[in-house]
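Report on the following structure.
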Amino acid sequence: MELTLAIAIGVLTGSGVWLVLRPRTYQLVIGLSLLSYAVNLFIFSMGRLRVGAAPVLESGGAGNPADYADPIPQALVLTAIVIGFATTALLLVVLLVARGLTRNDHVDGREPN
Amino acid sequence: MEWTRHLLIVPILLPLITGAALLLIDELRHTLKALLSLASTVLLLVTAIVLMRLADGVPGGSAALSSSYAVANWPAPFAIVLVLDRLSALMLTLTAVLALASLVFSTARWDRAGPHFHTLLQFLLMGLGGAFLTGDLFNLFVFFEVTLAASYGLLLHGSGAFRVRAGLHYIAINLAASLLFLIGVSLIYGTAGTLNMADLAVRLPNVPAEDQALLRAGVAILGTAFLVKAGLWPLCFWLPSAYMAAAAPVAAIFVVLTKVGTYVLLRLTLLLFGPETGDIAGFGGMVLLWGGMGTIAFATFGLLASQAMGRLAGYSVLISSGTLLAAVGIGDASVVSGALFYLVSSTLSVAALFMLIELVERAREPAADLLAVTMEAYGDESDKGEEHEDEEVGVAMPGALAILGISFGCAALLLAGLPPLSGFIAKFAMLTGMLNPDGLGAPAAIPGRIWLLVALVILSGLAALVAMMRSGIRIFWAPLEVIIPRVLVVEVAPIVALLALCMVLAVQGGAVLSYTDAAAQALHAPSSYIQSVLGAGHPPGVSR
């Protein structure tokens, strides 16, 4: 499972970085989205990978923390997803405005000659 | 002491509530909106000053260095805390002063150039207040994002192709930097198991050796994210264009945005890698020092090469950032104290310059302005039409040109660091700290890199003087037919106030320096910070 996750994060990051370095605004936004997926998976993996372990302690008694998944990275991922989603949506609006104002979709607003 | 503890949450809640309330008021009632926004910002300034006095230990006369506030009433390492110390109080006050100046300036016309100016400004203040006060790394990320989201809106305020293009780059760079921030934070959590800054400082020396490399990688990635925001060379190419494109009051408040990155780096390097932390001590210091010097050199050339005044001001921001980062890299208490003074002085003067530029540009023929812009490598289209179409500027002020000229001269003196204004004291304090690492009268060997930094700081001042004088002569002396710019009192007042504040800083230099000295000393002895967070016991309201 570790290998699968690591490869997934690596492929997402690699594609994301490549797309971010491309000159079209649409490629930029897709690249940033892929990167944010990779980062979200990465945060998740920082709480160690567990299968079938609950993130919340059962009521009554402290229990053994080793039996449970770490809930904090899961909470962090939620926050990161929400914020990433909102800022990407904002970027998308700016892309559309830039498209309208400059009449092309190059990130510099004009085609290189 | 009971109720004053709750003051810590005010710099976050007040702008949040005001900003949300302003959203509900119709755009047409802009007087009401401006008044509400103004009232909230004045209250914020008062709160910040009270907090600064609290942090300085005035009420009891005791050495109350820092105090913490558990937001959700959970004990410290498990939930978010807000921490107040001299440094954060200083940054809060600086932000509130700039916000007030920029808000007053904007009421002349900029706040009506697009929707929701006041709401965005208040949210920006909320994010800044939170970033300066929080004691938790992930919470810092959240407040950073709040600040940035508001700044995206503010940068685009007024619209126009030039702003949208600069805004696109600004947003893309900052989104990428935020991802680096997240990677760094999660690596730190994965190795150290905590996100509370104070707890992190305690746990850092106990991280097992096999995790040390991962931890350092995490800290380095986190640091890179802050360096992008602080504008360290070579991560700073977005900054001059973005700041030049922003509307004048927005650019003025943006000056403090680069200082957030610097603030966090200062706080984290001294908290986590202070002198007493063993083999990880001073981690990244050399990067900051050399990077800072690179930034100063790059910005000095940029300053001399810039034609448009907005770009000139943008490079001044970079010089200020580079100097501060290099000072953080050295990390001596005396250098940091001077750097804090420099931070306040340079932020105020560059903000005043940004607002001044807008007024001065009115004194020039629009064609001259256009020419300067076309000469720039980046903006070759006719982008300036937007700014000149709604010149609904009211009654011209008598002697406007004289006031603008004097203000421009003051700003030049401040940026160049010449006496008698505060820029000189700031640079003098920093250079004294650099050249006397063991205190005055104790000669010590100065490494070559420090000499290089000293030379760069002085040369950058010279370059600022040359660039400012060149623009000044072109604007105030050279034109054959003088156009008297039509400026309002509310536009001149904030500029004069900011410059006067710099004068007060110079006159009251001793008092301010003793405050920054105490702040720097406290930063170098993080145990009191750690104790105030982890040993705070139960917050008020819990009777157990």
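Including glycine, each Cβ sits where the backbone N, Cα and C put it.
As annotated by TrEMBL, domain 'NADH:quinone oxidoreductase/Mrp antiporter transmembrane' applies to B:135-436.
Away from its own ends, the transmembrane segment (B:6-25) comes close to residues 32-33, 36-37, 40, 43-44, 47-48, 50-51, 54, 67, 69, 71, 82, 84, 92, 116, 118-123, 125-126, 129-130, 132-133 of its chain (Cβ-Cβ under 8 Å, at least six residues beyond either end). For B:6-25 (among others), the entry in TrEMBL reads transmembrane segment.
Marked as transmembrane segment by TrEMBL: B:34-55 (among others). Same-chain residues lying 6+ beyond the ends of the transmembrane segment (B:34-55) with a Cβ under 8 Å from its Cβ atoms: 4, 7-8, 10-11, 14-15, 18, 21-22, 25, 64-67, 84-86, 88-90, 92-93, 95-97, 99-100, 103-104, 107, 111, 118, 121-122, 125, 129.
TrEMBL lists B:75-105 (among others) with the feature transmembrane segment.
Sequence annotations record features per position, and here TrEMBL assigns transmembrane segment to B:117-134 (among others).
What TrEMBL lists as transmembrane segment is B:140-158 (among others). Long-range contacts of the transmembrane segment (B:140-158) within its own chain (CB-CB distance under 8 A, at least 6 residues past either end) are made by residues 110, 113-114, 116-117, 120-121, 123-124, 126-128, 130-131, 134, 164, 166-167, 170-171, 174, 178, 181-182, 185, 229, 242, 245-247, 250, 253-254, 257, 260, 264, 386-387.
Positions annotated as transmembrane segment by TrEMBL: B:170-193 (among others).
According to TrEMBL, the transmembrane segment annotation covers B:242-266 (among others).
The feature transmembrane segment is assigned by TrEMBL to B:286-305 (among others).
Annotated transmembrane segment per TrEMBL: B:312-330 (among others), in sequence order.
According to TrEMBL, the feature transmembrane segment maps to B:336-357 (among others). Nonlocal intrachain contacts for the transmembrane segment (B:336-357), taken as residues 6+ away from its ends with a CB within less than 8 angstroms of a stretch CB, comprise 87, 90, 94, 97-98, 101-102, 105, 243, 248-249, 251-253, 255-256, 259, 262, 266, 270, 309-310, 313, 316-317, 319-320, 323-324, 327-328, 404, 407-408, 411, 414-415, 422-423, 425-433, 491, 494-495, 498-499, 501-502, 505, 509, 512-513, 516-517, 519-521, 523-524.
TrEMBL lists B:401-430 (among others) with the feature transmembrane segment.
Feature annotation from TrEMBL assigns transmembrane segment to B:450-468 (among others).
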Are there residues at least six beyond either end of the transmembrane segment (B:170-193) with Cβ under 8 Å to its Cβ atoms? List them, or say none.
137-138, 141, 144-145, 148, 151-152, 155, 200, 203-204, 207, 211, 214-215, 217-226, 228-229, 238, 242
Under 8 Å between C-beta atoms and at least six residues away from its ends: which parts of the chain pack against the transmembrane segment (B:75-105)?
8-9, 11-12, 34, 37-38, 41-42, 44-45, 47-49, 51-52, 54-56, 65-69, 111, 118, 121, 125, 128-129, 132-136, 139, 194, 196-199, 248-250, 252-253, 255-256, 259, 263, 266-267, 340, 343-344, 347-348, 351-352, 355, 490-491, 493-495, 497-498, 501, 515-516, 518-519, 522-523, 529, 532-534, 536-538
Hey, which bits of the same chain come close to the transmembrane segment (B:312-330), Cβ under 8 Å, at least six residues off its ends?
227, 230-233, 236, 239-244, 251, 255, 258-259, 262, 265-266, 269, 284-296, 298-300, 302-303, 306, 336, 338-339, 342-343, 346-347, 350, 353-354, 357, 415, 430, 434, 450, 453, 457, 460, 464, 467-468, 471
